[in-house]
Amino acid sequence: MQHDWWQLTPRREMCSLPCCLAAIDSRGLAFTIEERQALGIHGLLPARVKSQEEQVQLCKLSIERYEDPLNKYIYLMGLLDRNEHLFYRFVGENVADLMPIVYTPTVGLACQKYGLVYRRPRGLFITIHDKGHVYDILKNWPETDVRAIVVTDGERILGLGDLGACGMGIPVGKLALYTALAGIKPHQCLPITIDVGTNNETMLKDPLYIGLRQRRVRGAAYDELIEEFMQAVVRRFGQNCLVQFEDFGNANAFRLLEKYRGRYCTFNDDIQGTAAVAVAGLLASLRLTGNKLADNTFVFQGAGEASLGIAELCVMAMKAEGVSEEEARSRIWMVDSKGLIVRNRPEGGLNEHKEKFAKDCPPIRTLEEVVNTAKPSVLIGAAAIRGAFTPAILRAMADNNPRPVVFALSNPTSKAECTAEEAYANTDERAIFASGSPFPDYRTKDGRVLRPGQGNNSYIFPGLALGILCAGLVDVSEDFMLLAAEALAEIVSEDDLEHGSLYPPLKDIQNCSVKIAKKIVDHAYETGKAQVQPQPLDTEEFIRAQMYCSNYEPALPPRYVWPSDTAPRVDLV
């Protein structure tokens with residue numbers, strides 16, 4: 001946790017030189033000469049005074065010196081450790097360049113190497129051995145005004161699988177974006193990892209692994225730990241503390257969402273955040289295809305958290321267009337590791353969530369066969385299988401549609417179902433493409449430049465969280481997710497669409513967060529779910545007033561002149 005100089009004791013006899021240097025680090029050369037003299041740090045810094053703007057430029061020069069993305073990640077985390085304001089300003093003003101470092105794809109590599117890059121605590125680790133004492137651990141966190149928690153158990157980190165305690169990089173990165181992209185105050189954010197072991201043999205044998213060296217605990221003991229955790233959060237931080245579940249395994253993710261939503265202020269980003277950002281892209285694509293959402297046929301490669309979340313929100317959006325739930329579900333075909341999801345499939349592998357999309361037809365084994373049978377207009381991948389969208393599949397999409405919609409959403413980049421270039425090249429450059437990780441611009445044969453849109457959850461979850469906190473929501477129901485998707489789709493400009501992007505530029509993401517938050521807050525009051533009273537007269541002004549400012553504040557309190565004492569003189573007897 002960072003502290004500015006004036007938050008430390010001004011009594012020099014109580015402040016060692018290392019303490020002084022740590023405080024100076026929080027602003028560096030931005031202290032004015034007057035501030036240095038008044039605070040007793042004059043001479044500890046060279047004569048030059050640098051503005052925060054100049055420091056941001058120095059950060060740019062510094063990070064450009066590193067070629068390895070992991071080294072860039074380590075540099076940024078070091079900056080966050082020593083100068084919180086500068087970190088958030090640097091990231092906030094350079095979102096497009098730094099998002100791939102702070103978040104996907106580099107954060108995946110950082111998690112794989114977390115034992116190597118770990119420097120200092122940035123959150124809490126709660127292990128299975130702490131059962132019965134979770135509240136005591138939460139009390140060890142020095143901040144009491146925690147409003148937002150991102151928690152993972154590390155079982156399904158991006159498309160990389162079980163990384164155990166090394167998954168902490170995800171909550172840290174997510175909450176950094178809460179602040180950088182939505183202005184949620186950093187002291188109100190708490191990253192947490194639930195460490196119940198790992199089944200990853202590489203991690204268990206890695207001498208640098210930082211977690212419990214044991215197989216994952218499941219069953220009743222696991223459930224009791226999560227239940228204790230949720231109760232302890234409310235006891236410590238209040239009922240309105242947001243708990244965002246992140247990168248839990250499929251089996252746990254769905255049932256924990258069902259168990260806790262409505263009772264706690266919570267959502268699952270992998271299921272609901274991914275769904276909202278994907279549906280936002282689909283809604284934006286309708287302006288290019290001229291269709292309604294219900295006019296489309298969808299094929300999903302994958303039937304895990306992300307795919308099922310997107311499919312369910314698509315059903316909700318199609319119902320809003322006026323079609324029945326049965327008709328909406330009939331439009332969706334889902335393919336998992338055993339092939340097309342059909343009723344009474346001999347290979348099995350169906351759960352209650354998949355059953356809702358099961359087809360009444362013979363089994364079909366491969367994605368290519370499903371595409372040739374269903375003839376979809378929309379192809380969505382979220383199963384982390386690199387190359388799943390083969391040239392033959394992409395050509396079939398182009399043969400069946402004037403403007404095929406192709407979403408390769410798996411993260412990191414190495415797990416994407418296809419690249420932007422592959423999507424465009426195999427569809428005569430007619431594909432409407434979006435991805436989960438960034439891809440470079442593509443120049444068409446006629447000289448146009450296409451900017452593939454990145455369907456990144458960071459378009460949704462920071463603004464969603466900001467709205468939830470500003471309204472004081474507890475029940476984060478599914479209508480808020482669809483509302484967030486609609487808000488994001490509305491922000492996409494005609495220029496964005498003309499250049500092939502279904503999402504606004506990343507540099508505009510802070511504005512997106514505010515607009516999404518405004519929709520959330522307004523809807524919360526309309527539905528009577530808002531607990532912050534009274535309702536603000538100007539919602540956007542109210543939201544912006546709650547947001548963190550990354551600019552330096554003066555290091556000295558304001559000073560002003562009092563009039564001289566003009567009262568009659570009183571002589572002491």
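Every residue, even glycine, has its Cβ placed from backbone N, Cα and C.
Annotation source TrEMBL lists domain 'Malic enzyme N-terminal' at 80-261. Per TrEMBL, active site, proton donor is recorded for TYR103. Feature annotation from TrEMBL assigns (S)-malate binding site to ARG156, ASN411, ASN456. The active site, proton acceptor annotation in TrEMBL covers LYS174. Per TrEMBL, divalent metal cation binding site is recorded for GLU246, ASP247, ASP270. As annotated by TrEMBL, domain 'Malic enzyme NAD-binding' applies to 271-525.
Among the binding-site residues GLU246, ASP247, ASP270, ASN411, the ones whose Cα sits within 10 Å of the Cα of LYS174 (active site, proton acceptor) are GLU246, in sequence order.
By the criterion of other Cβ atoms within 10 Å of the residue's own Cβ, the least surrounded of the recorded positions ARG156, LYS174 is ARG156. In this structure the alpha carbons, written CA, of ASP247 (divalent metal cation binding site) and ARG156 ((S)-malate binding site) are 5 Å apart. Note: the Cα of TYR103 (active site, proton donor) and the Cα of ASP270 (divalent metal cation binding site) are spaced 14 Å from each other. ARG156 ((S)-malate binding site) is 9 Å away from GLU246 (divalent metal cation binding site) when you measure Cα to Cα. Counting in whole angstrom, ASN411 ((S)-malate binding site) lies 11 from ASP270 (divalent metal cation binding site) by their C-alpha atoms. In this structure the alpha carbons, written CA, of ARG156 ((S)-malate binding site) and ASP270 (divalent metal cation binding site) are 10 Å apart. Rounded to a whole value, the Cα-Cα separation of ASP270 (divalent metal cation binding site) and ASN456 ((S)-malate binding site) is 11 Å. Contacts of ASN456 ((S)-malate binding site) defined by a Cβ separation under 8 A and a same-chain sequence distance of 6+ are given as MET99, TYR103, THR104, VAL277, GLY436, TYR503, LEU506, in order along the sequence. In this record, (S)-malate is bound by ARG156, ASN411, ASN456; the longest C-alpha to C-alpha distance in that set is 17 Å.
The record gives GLU246, ASP247, ASP270 for divalent metal cation. Within 8 Å of the mean position of their Cβ atoms, the other Cβ atoms in that chain belong to THR152, ARG156, ILE157, ILE170, PHE245, PHE248, ALA253, ASN268, ASP269, GLU305.
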